[in-house]
Structure formats: C-alpha cells, structure tokens
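Chemist: Here it is, the structure, as structure tokens.
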C-alpha cells in the first residue's frame, strides 16, 4: 500500500505517528496529519513548511543570511514547526543528521553559497550514513538568473551553479526553485525522493519567491504518495531457496548485523531470523544500537581484531556467516585484516543478495528476504553454544586509589551504570568509538556514532539534533577535547533549547585517535579551560551545570549530582585523563589502520 504524505484537509502531524521510531533510526510508516489548517496562506514558503511538518521534521536547524530571511519568516509562521537557530551551518547540518537518526528525517536551512558550502560537509556525512536530510538554501533573486550579474556570497562569477554542482555529489536529488510554476512539483519531488532513497536532498529557493501565493500551493495541500519498493517474487524465492540450502548444511553458522539494517528498515526482520534460526548474533561496530543487545543469542560486536571478547573467534571460525547490510571499509575491517572468506558468506544488501562467490539475486529487499528465510532454516544454536562454552566474563578495572589520576576504563564503567531505556549514547569519532562499543546497551537505550564518514566534531551538532528529536531520553555524549574544539559553539543552542544532555568532555590533551595511527606535533592542541568556556557560553541564561573531575571519587560525586539535583540541567563534566590513556582496542586498531595507510605503491 502506498505511504501517504500529508492529507487533503490537514497540515499538522500527530507526534506519536509522524516520523516516530520504534528502534534506533528505523523510520515508521508516515501517517496522515491530524490537525486541520484553517487559515494557512497558500505561498511557496508555507507550502514547504507544511510539507516538513507532515513528514515529521517539526524542527528545522538554521542559520540566517540575507538570501533566506523571508523563507525563514514563513517557516516560523507554520504552526507546529520550530525553527532552531544554530551558531554555524556545519553544526546545523550535523544537528539535522542527529535529528534524522532519531526521528527518521531531518532538515536544515541556510543561505546561498557561504552557507551552503559551509553545511556541505555535514550533508556529505548524512549521505554516507543513508540519512534523509532536507537541505534548504535561500537562493538568489529569480530575476538574477541568466543576467550575467555578479552577486555577493559567490566566488565572483556570473554562473550561480557552483553550489548546485557541489551538492550534486552528496545528495540524491537537487531542486533549484526560481519560478512558481513548477515549485510545488520540485519541492514535493525532492522531499519524496529523500524519503524513498534515505539520502539527503538539496532545495534552493529564490529569495523573492517564498511570500508569493500560487494556485498550486492550495489552501489545503494536495497529498502525494510514495510507491513502496517491492521484491521480485521469483527472485525472492530463488534467493531464499539458495540461502536456506547454503545455511542448513553448515555446522555452526552465525549472523552479523550491519549499518544498512537502518536504511533497509530490516531490524525487526533480522531479529525474527535470529529467533527462528538460533544462530549466534553479532553486530558490526557501525550497527551498534540497531539490534537489541539483550537478545538471548547476542555475542557482541564483530570488529576483527578489536571485537568484543570472544566474538571474533566465533564469527571467524564459523563455516557460514550471514551479513545483513554490511559496509566493509578500511575502518570496519581494521585495515583490511578481517579473517573472513567470501565463499562462506551470504551478503544481504538492502535490495540484493549475494551467496558465496555467486550467485547474486537482484530486486530482493532485505526485509522480505530475512522474513522468508526465517521460515526455511533449521534451528541451529551450535555457534552460540560454543560461545557460551568459551566465554569468560570480563573483569572490572582496578578501583582507583584515593587521589589517583582517573583512568578512562574507570570512567566508562561508571557511564555503563548510568544507562537505561531512558538514555541514549552519542559517541564522538576517536577513542570514544572503542570505549562506547564496550558499553552494554539496556533495552530501549539509543546509540549513535558516525563511523563511515568519521568527521571529528560531528557529535556536538548531532547531540543537539538527537536530543531535540527525542526529549524524553537523556542523551549522554562522550566527546574528546580535540573534536569538541571544532564545534563547541552549539552548546549554546542546547541551552537555548532547554536540553538536559550530559556531556563528558574527555580531556587527554590532543587528537588521540590520530596519535595511535601516526603521531606528530600536529596532534597536540592548545588546552582550554573547557568548563570555563561552557560557563561563559551559559552566561547565566538557561539551566547549566559544569564541573571538572580528576579522580574517581570526584567522578562519582559529579554523576550523582548530574542524575539527581541537576537532572533537568545540561551537565558538562570535564574529565582530565593522561594523554596516553587509551583503550587497548584503539592501540590495536590504530596500528593496523596505519599499516593499511602506509602500504607502498604497487609496481608500475
């Protein structure tokens, strides 16, 4: 059945339906809106605003500029749409990314070229992570196109297409709206394409058009629908039959979830297969949070040499493995060092299935394939029983002596105890990747990080967006000092929005992840008084509490305060640790990635 976007007589979404997400990043069916719009002007700006509300992007992250000011007026005027001003365009894009992870779709609005090129990096990250982000740019006056004029905010050429050409490589659809006749069609096509492809789109709207009515922007917006993707029935049956034969003859098969479970909306189908098959169940690092870790056959994170304890041994010793939605890059493969064999693998992509060295089956949706396969597999818990047989519970880090310098492993043991179904973890690029991977997520606990793109500083904006999308959860963000220096300003926006995130700023005096790949003087940064900085940003406006901890006893007291007396505040806890205090996983991973990066050229 088609998914309806909007309705003939409505303009506002029900918060419980539109863009709601049962598990991390899985977009639920978009329902019809529920509150009638009786006095909405039929202008281009209001049409765009209504569409954003209808798809669930009820918060838009923005930075004003002269080309988008009128458009922002019309976004503000839309009931149910909240415009959130960010400190810079990069963070606005990161916030839309974080919002899309929680709500299923996000949006940002910036000005032409100086704003568009600034947000470009964040949109590229959203593209790499398969997130539908609507990137809206206020463009030049429609009368200036084709006039050979040179405009401000450009590179000084009469050709205005530079920004568009940049976005063409990191968005799945681009709409340049410089006339009213096809504006309705272009906007609707862009938004529907973002939702269908689960990728960002670019919409440029001439600055003189948002306030103008047009018959196509009807008083009651005409609904449009998204045709669902369908599997080829014959291809699906052939793929299931071949996969079932492949797996049923295996002695100790396993299954591993990958990050494209999100875009395929197949997390539930993956669990259905796990329940039916009895296979040992693992996730790739970038899929953490997409599969519930309380599942009875869950064995941890498969990340080659830096996997969680005993997981890699079970996966790599299996005689068959099913990977659902994997991305095998140099980071996830630990410098191309995974001990996997293609002939043992079934790779399930969002829309095709590859079995061993062949055959491959196209036009087969992951969700349909996993559900059908669940009915054809013999129950085989051998791999999980092997895991259970060899598993030795992890030890606990040594307790710090009074006034002993706080260690990172002790910090994360305390963070582990903070997690519940009412929390979500945001892990910044760096050693937080590895420390947060070892956290055991309670049922319902959210988890996000950006592994494919790995842009340092992402987490500040993403934390802002994620927390805005799911205000019922308390976000716990783990951010390194180097990353924080890139995007620190938008702690200001978190305070303006009344958010109650807990930020652990891990101050280890530099770019630690880079140190472990290849050290040099460029990895040392100027130390800041981070709590002093946040106090200055706070400036007595909003609820904020900061503290600096150096010892375990101070950390315990800080967490107690943040979760009790200051539970309704944004809490910023600066944790001072030694510059060489890293996870053992980062040490191993860094050396392997370094070896991959430094391979000599092949002979010519």
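The backbone N, Cα and C atoms fix where each Cβ goes, and this holds for glycine too.
Keep in mind that this is a model prediction, so the values were computed, not measured.
Annotation comment: TrEMBL describes 481, 508, 510 as Mg(2+) binding site. Among the features that TrEMBL reports, domain 'Thiamine pyrophosphate enzyme N-terminal TPP-binding' is placed at 43-148. Positions annotated as domain 'Thiamine pyrophosphate enzyme central' by TrEMBL: 240-359. Residues or ranges marked as domain 'Thiamine pyrophosphate enzyme TPP-binding' by TrEMBL: 450-574.
Relative to the rest of the structure, where do these features sit?
Modeler: Every protein chain shown contributes to the tally, and the Cβ of residue 481 (Mg(2+) binding site) ends up with 25 other Cβ atoms within 10 Å.
For the domain 'Thiamine pyrophosphate enzyme N-terminal TPP-binding' (43-148), residue counts in helix, strand and coil come to 52 helix, 22 strand, 32 coil, using DSSP.
Secondary structure of the domain 'Thiamine pyrophosphate enzyme central' (240-359) per DSSP (helix as H, G, I; strand as E, B; remaining residues coil): 39 helix, 24 strand, 57 coil.
If you take every residue in the domain 'Thiamine pyrophosphate enzyme TPP-binding' (450-574) and average the pLDDT, you get 93.
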Chemist: As a test of the contact definition, list every same-chain residue at least 6 positions from residue 508 (Mg(2+) binding site) whose Cβ is closer than 8 Å to its Cβ.
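Modeler: For residue 508 (Mg(2+) binding site), the qualifying residues are 408, 431, 480, 481, 577, 578, 579, 581, 582.
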